[in-house]
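Okay, structure first, notes after.
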Amino acid sequence: MEPAFGEVNQLGGVFVNGRPLPNAIRLRIVELAQLGIRPCDISRQLRVSHGCVSKILARYNETGSILPGAIGGSKPRVTTPTVVKHIRTYKQRDPGIFAWEIRDRLLADGVCDKYNVPSVSSISRILRNKIGNLAQQGHYDSYKQHQPAPQPALPYNHIYSYPSPITAAAAKVPTPPGVPAIPGSVALPRTWPSSHSVTDILGIRSITDQGVSDSSPYHSPKVEEWSSLGRNNFSAAAPHAVNGLEKGALEQEAKYGQAPNGLPAVSSFVSASSMAPYPTPAQVSPYMTYSAAPSGYVAGHGWQHAGSTPLSPHNCDIPTSLAFKGMQAAREGSHSVAASAL
């Protein structure tokens, strides 16, 4: 008689989840298998899952029984409180003892016999779940006693420290003897101004970095000196070139400076030591006056053809209307044009 409650499997049979198959169906499965019917046919005929049929037949072939559950009954519980107490004692005496050593000692001390002694896996589980917490707590207490006081955490990275008024004051004021010096990286972080000035955008170095830059052969002015810097400070350079730049180019940049705006008045000049030298410009042929179309000028390559001359690198004749002038005359003409434009 089928139970009144249960679930329906894919074959249409009714089963109860978690309950063994009835003994009558088990016996019928074994009888059909002895008649030579395949397990898949038995599964479709009795509407029992194929896995259940295979499991029952495998158990019958091994043990000769069709009853569910363990044949010899369940194993009695071996991890009694007495055994756990002895295991804890062994672990406290020798914290580095292994599970198999505990098992051998239980047998040697007569706590257990060969029938009820716990397995190595059971002893490991007891050590991990019941005794491991106590051992870890003891190790933590001993470690906490020997642990030094924690160092105060830095508010930011000490390698790339932001300049601050406190660090600047500490750099100026000498430290009295007997008082430990406070490193600049432990100071409070910089309070950024509300207005975005040119000094903040360019990231001008503060006084705290002056000690690092003193070793360099170039002189870098302080923050207080930036407002007093002007065009006259750069007049002591060479008359023809300043750090690889021509004098005319510097004068043109000085004349066409940025227009004043609403930002705080900060000089836009940068010291020559902080500027990387510009690459040397390529030598250009002397200036020439021309009467042909502008499209006739093509920038020549550095190499020359085998049959060409320095004046005609592409082995072509230059029109007679192109009259070359000397370098000095061309420069004088360019200066006069620049003066008239101003």
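Including glycine, each Cβ sits where the backbone N, Cα and C put it.
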Legend entry - The annotated region 'RED subdomain' range in Swiss-Prot, which must be one of 82-130, 229-277: 82-130
Inset, instruction - Can you check how the pLDDT averages out over the DNA-binding region (4-130)? - result: 85
Inset, instruction - List the helix, strand and coil residue totals of the DNA-binding region (4-130) as derived from DSSP. - result: 68 helix, 4 strand, 55 coil
